[in-house]
Each structure stands twice: as C-alpha cells, then as structure tokens.
Amino acid sequence: MIDVKDLSENPDKFRASQRARGADESVVDAIISADAARRAALIRFENLRAEQNAFGKKVAQAKGEEKQALLAEVKVLAASVKAASAEADVAQAQQEELLRAIPNLIVDGVPEGGEDDYIVVKTVGEPREFPDFEPKDHLEIGELIGAIDMERGAKVSGSRFYFLRGVGARLEMALLQMAMEQAIDAGFIPMITPTLVRPETMQGTGFDVKHDAEIYRLAEDDLYLVGTSEVALAGYHADEILDLSAGPIRYAGQSSCYRREAGSHGKDTRGIIRVHQFNKVEMFIYTTVEEAAAEHERLLAWEEEMLAKCELPYRVIDTAAGDLGNSAARKFDCEAWVPTQGAYRELTSTSNCTTFQARRLNIRERVLNEDGAPKGTRAVATLNGTLATTRWIVAILEHHQNEDGSVNVPRALQKYLGGLEVLPVL
C-alpha cells in the first residue's frame, strides 16, 4: 500500500510511476478524491458527535418540558451521528480499496516500458561454446544420469510435474544447503516456512487473491499455496513494531513453492524450467527506508556469489517498470545462459518493496528523537531475493555437461554431494 499523504502532496510523482508501468493514471486522482471525501465525512461525523455530547450535558441539566424537547432533538441527532459514522466508514472503505489497487511507487532510475525494455546492468562470464559436440538439453541429460523423470511426474500429478531422483534429488538438496549456509554466514536467520497462508497474508504481500490466476487456493479452508516463502516471511511480523536499532532483520526461508502457470500455455513445456511445484531458498529483509537501497545491492551481491559458486555465466538486468509486480519498486534479475536455448533465463530476482508491504501488513519501527525519547512509529521497508531454486539445475546440467551426457560438478557444490566430481551416465 502506498502512502496516501505522499500521494496527495506529490501526485505528479505517482502519475509518472503509473505511466512508466503502463498503468492507469486516473487512479491517482481517484484516490485524492476519495481521501477528500473520507476527510469530509469524518469531519461531519466528529462535528455531529461533538454536538451530541453537548446536547447530552444540556439534557442532564434540563427539566420538565424543556428536557422532553431536548430528548427529542437528541434522538434525531443520534440518528444523524449514526448515519454520518456509516458514511465515514463507507468513504474509508472506498479509499482503502483504491489504495490496494495502485501498485508501488517505482524508485528513480527504473526503466520505463514492458517485459522487453529492461536494461542490462552487467554480464559476467562467457557463454560456453561446444565446438566438439552438440549440447544436450537439461531434460535429455537429466534422463541419461537418472536425475529427472517427467513421464512419471505427469502420470502421478499431471503436466508440469516431475520427479527428481538419484543425483537429481541430491543436486537440488546440495544447492539448497549451500544457499542456506551462505545466508547463515551472511547473518540471516534460517526459517522453514508455512506453504499455506491466509488471504490477508497473501494480499498484504501484494498479491491479488481475487484475480491472480497463478495462485492455488484451498477453497474449503480459505487458504492459499504460496509461490514463494516471501509471503510467509512478510506476514511473520504483521501487526508488530520492530526494533531496527541494531540493523536490518534478515531471514532466509526454505519452502516448497506452487504456481499454476495459468498464463504460460505452450511456454517451456519441456523439462523443469516452468513447473507447478519447486523448492527455493528466499532471502527476506526488514530494514529502514534509508537503508533499503543499500540492502537491495547487498541482496544482489549475495545472489551473484551463488552464481559464481556454481560457475555459471550470467547477466544482471534492471527490470522495466511494466514488468514489475505490484509490490516491487525496483527489481534486478540474474539470468544464466542456457546453451540449448541460446538465451539467458532468469534464475534469481531481488526486489525492493520499500514500505508497500509493511503498510498493508501494519509492520512498523519505533522512531526516536535525537535525545533518545520516543517520537512515534513509521512503516519499515521490506526486500526479498532468491538464493537458490529448482530451476538452477537446468543451467548447471547444460553448462557443465560432457559429450557423453555426464555432468561436471562445480567445485563449491562437491562437498555437499559427498565429494562427487562428476554426475555419471547410468
């Protein structure tokens, strides 16, 4: 949720953000109008209630016919107060509905446009060339080494499901363990998070549970399967006041994740690039508004550290405004080179959500004066970033393959695989 005071005082800034996203600018003026209506309704209610209180004192002092007349007026006034209160509640609800409809304000420097209008921040490493043999794709390799079974995944659960078995299961567990150890070394608190959350938690994180076709819902329980542990980690401190005096609070959550991929018909139907269920280690940070941009750079650096450990060529892109989720004010993606596709594919992303999620979830920090006396509270900033996920297996198998289909294990991963240096063909 955005700051309505900031929007009212700087509407052009929010209009520009909406334009950059390719979104409707008129919602800005609608929010300003709704806020004015809310304020007016609240003033009417408070004035009538003050008048009602004053009448109450008069009634207490009056006698006889005068008291009866005043009681009649009080009855009429009470009805007016009740109506004004209802009007104020309606105005408040209308404003909140509009506030929940507008995405986060983008930060300075985010490129305008849609999915293809990103900016390449940097490219690290060179895509591997295969002069001596034609590279196999990750699914063919996965079948040769007994790591991936799509056929039985479809038999058991349907399309876009799979089994990781043998070295495939071990490789994923190794990735997740290496990611979690790196996060712990960087000061993150490890978390195993729920994968089912309440609608208010999902909405508070910035997802539209009514219209988002990517979300699985358990209707009988009114619970939602998360597509990232970011959701549970964001809701962890809902309705709390945090102490950030010692620095940011950092969590690393590991969970299974679920996505319906409803808008992906016909895309990436082969292999495990786009699936309904996968595992992930997600970094999540609570910090001050002033420190958010620096934390975003740190998250990106930690993601790049993981990519370097896996010895993968990659690039970092600054995602265009129109391709940002509702909650993100800025997002960097790390994309690894996938040889058989001749393209970079996203492995990680990191988003600065500024105070958007915290306002929706009512997460604040205590603010002190220079003398240390309490000054009040304000919304914190939240950020997230992926450290490892099932999709990494795609890039690792393809980039490190040998002609026979075996795969060289990146040196940093070998200790998590019992010293295994090569994933052999069966």
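Every residue gets a Cβ built from N, Cα and C, even glycine.
The L-serine site recorded in Swiss-Prot includes Thr228, Ser229, Glu230, Thr386, and the single candidate from Glu172, Glu282, Glu290 that the record places there is Glu282.
For Glu261 (ATP binding site) paired with Thr228 (L-serine binding site), the C-alpha to C-alpha distance reads 14 Å.
Looking only at other Cβ atoms within 10 Å, the busiest spot among the binding-site residues Arg259, Arg260 turns out to be Arg259. Fewest Cβ neighbours within 10 Å among the binding-site residues Thr228, Ser229, Thr348, Ser349: that distinction goes to Ser349. In this structure the alpha carbons, written CA, of Thr228 (L-serine binding site) and Arg259 (ATP binding site) are 9 Å apart. Comparing C-alpha positions, Glu346 (ATP binding site) sits nearest to Thr386 among the binding-site residues Ser229, Glu230, Glu282, Thr386. Across the structure, Arg260 (ATP binding site) and Glu230 (L-serine binding site) are spaced 17 Å apart at their Cα atoms. In this structure, the binding-site residues under consideration are Glu282, Glu346, and the one with the smallest number of other Cβ atoms within 10 Å of its Cβ is Glu346.
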